[in-house]
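Visitor: Have a look at this one.
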């Protein structure tokens, strides 16, 4: 293995990132590019697990507009993550990268059920594991899923790949020209400052388990490899003070 800082990681990949400029659905060139970047990191010997979001397939606001119960809307969102997971699996396997999808809601015809020990074994065999369907329970975000799965599988870091955003800012840089980028924070800083990075549950889980978070721009070629190598890009959120 080439010298890397993180040897087992969870990458949080939003659904919006897979949509690219289209905004919704899956953008074929984008998902192929993501798969190629992941292959390059996999070739370094890094054990990679991925948590996919579903915002390109379903938004909670749509459920609200329909007068839908939150629980029902959340389940639809979980199914959206499964579609993204299967598409990403296919893109990775087309590049020769062995990949397994595990879902928190059982659907054995298309994916394995989530079993922690089996997921770890896949990683040890140098297979990429994609976690879909969130935690399997409503009211929990895929950010929380990332923190939970990272703790369960012993990931050394959570890589939060953002669509066109190169780190954490004091405000939305697209709206506020005075927004300041942070190079380093703690999870408590995120909670105290109310920064819109991940929800409080996810931040608390990461803090309690001392799991660092790296927020970086997915659209910049080679950034995933730079993060696992320990280069200072984006914003690093430390697991403890």
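Quick reminder: no glycine exception, Cβ is built from N, Cα and C everywhere.
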Visitor: Per Swiss-Prot, which one of 74, 166, 172 shares the UMP site with 54, 135, 136, 137, 138, 139, 140, 141, 142?
Guide: 74
Visitor: In Swiss-Prot, which of 14-19, 20-25, 26-31, 32-37 is tagged region 'Involved in allosteric activation by GTP'?
Guide: 20-25
Visitor: For residue 172 (ATP binding site), what is the tally of other C-beta atoms lying within 10 angstroms of its C-beta?
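Guide: A 10 Å sphere around the Cβ of residue 172 (ATP binding site) contains 10 other Cβ atoms.
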Visitor: What binding-site residues in the list 12, 163, 172 lie within 10 angstroms of residue 54 (UMP binding site), counting C-alpha atoms?
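Guide: Taking 12, 163, 172 one by one, none has a Cα falling within 10 Å of residue 54 (UMP binding site).
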